[in-house]
Amino acid sequence: MISAFDTAFWPVYTAAAVFAIVYVLVVTEKINGSLAAGVGALLLLVMGIVDWNAALTHHILWNALLLLLGMTVTAAAADRSGIVQFAALKLIRLCRGSLPAILAAVTLSAAAASALLGSGPALLLLAPLILRLGRTLRIGPVPLLIMSVIACNLGGMTTLVGSVPNMMIGSAAELDTRAFAAHLWIPGLSLLFVHLVLLMVIFRREMRGGASRRAEIQAMEPSLDVSDRPRALLSLGVLILLVAGLLGQEHLRLSSGAIAVYAALLMLLVNVRSAGEARQIRERMDFKTPGVLIGFYILAGGLVETGITGEIATRLLELTNENKSLTALVLFAVSGLLSAVLDPVPLTAAAIPLVQTIGLQMEVVRPSDLNPLWWALALGCGIGSSGTLVGSVAGVLAAGLAQKEGYRFSYFSYLVVAFPLTLLALGAGGWYLYAHIL
């Protein structure tokens, strides 16, 4: 039993109950997620289960929050400039009406935008173009949206800024963009290619209805005025500087969060010339996720301070006989399956202190010795989040945007296609983890 049970029952039960209740409220979206997480965190702080000083200095990963804030502003400003949509449509027009090439272009555009800006912003930026493309090809939006959601999740998995779980893991483990790319780009791109081929086979009948419509595709013009092209080019320059800064983070001696904030400020300087434009960018920003993140950092801190995380770590190490490779595989499988049905952000918030506690119990000397566990968590969350529509921000956004445009894109229509593919991808990801990382 957890040692805390013998001395004080109520903090343990309270921390576990509050975490579980808030998790359910956030996942089911019964109330605003940031409100639920904030109230739960405040409850633990007021009751003394989590120490205020520990929450501010230890449990909350401020670099991850700065990174998320910077990328949120950058993505919103990039949307305002139109540069991502412009580049994607240019790539599609290069396909000259070839349907397989167009589908590959959509997939690659979604993956690239997600790797650079995050899966949620990438889907928001490209969804109008994807829906318009589906109407032009007369194949319906569902195949294209499913491909795009999966591409956003797999593309986002390959970089530090590509997903919120990656930002959290990178900040906790002090892993930079180059480390993520070095370990995860091979499975990310390989699975992306396999998914593209399999989805084209699955939707071959639908695709037959979208026979080559070269003239109509070529007539699609980017929604970017000539007068905005200088702004778009400057925005592209800021994005290039952001990537260069993240790749050269070690030489700059700046945290990833600081680099993202500087890029966000530059992007605002380029794209904001009036109060109206500032308001448009603010309306495109996601304010929910940072609130959820802060709340769950404190809620996960409650699990740590009451001994629950330590007990779970002990049981896991007993199950795996303290074999680090087996522990990593178990962590990968559990995070992958849970990410398919639960929000991966609070899941990652709970898993981070678990990995850190495992390191303490295994008496790990060098922080890098824990890296296999961090990669297992990142890989599991990245692959598993494609399993259902609620497993990722991109999936939720795709369903909402399709419904808004009058298309039926149901949970089940996505599930029957994506979940079997995700199970296959988890099998392949487990093999890659064992063969190339462990």
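Using N, Cα and C of the backbone, Cβ positions are placed for all residues, glycine too.
Copied over from TrEMBL, here are the features:
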type	residues	note
DOMAIN	23-380	domain 'Citrate transporter-like'
TRANSMEM	7-27	transmembrane segment
TRANSMEM	33-53	transmembrane segment
TRANSMEM	98-131	transmembrane segment
TRANSMEM	143-164	transmembrane segment
TRANSMEM	184-203	transmembrane segment
TRANSMEM	232-248	transmembrane segment
TRANSMEM	254-272	transmembrane segment
TRANSMEM	292-314	transmembrane segment
TRANSMEM	373-399	transmembrane segment
TRANSMEM	411-434	transmembrane segment
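Within the chain carrying the transmembrane segment (98-131), a Cβ under 8 angstroms from the stretch's Cβ atoms is held by residues 71-72, 74-76, 78-79, 84-85, 87-89, 91-92, 137, 141, 144-145, 147-149, 151-156, 158-159, 161-164, 188, 192, 196, 200, 207, 210-212, 217, 239, 242-243, 284, 286, 392-394, 397-398, 401-402, 405, 407, all 6 or more beyond its ends. The listed stretches are 7-27, 254-272, 292-314, 373-399; of these, 373-399 has the most Cβ pairs under 8 Å to the transmembrane segment (184-203). For the transmembrane segment (373-399), the partner stretch with the highest count of Cβ pairs under 8 angstroms, out of 7-27, 143-164, 254-272, 292-314, is 143-164. Ranked by number of Cβ pairs under 8 Å to the transmembrane segment (7-27), the listed stretches 143-164, 254-272, 292-314 are led by 292-314. Below 8 angstroms of C-beta separation, residues 11, 14-15, 18-19, 21-22, 25-26, 59, 287-292, 294-299, 301-302, 305-306, 346 of the same chain, each at least six residues beyond the ends of the transmembrane segment (33-53), sit close to that stretch.
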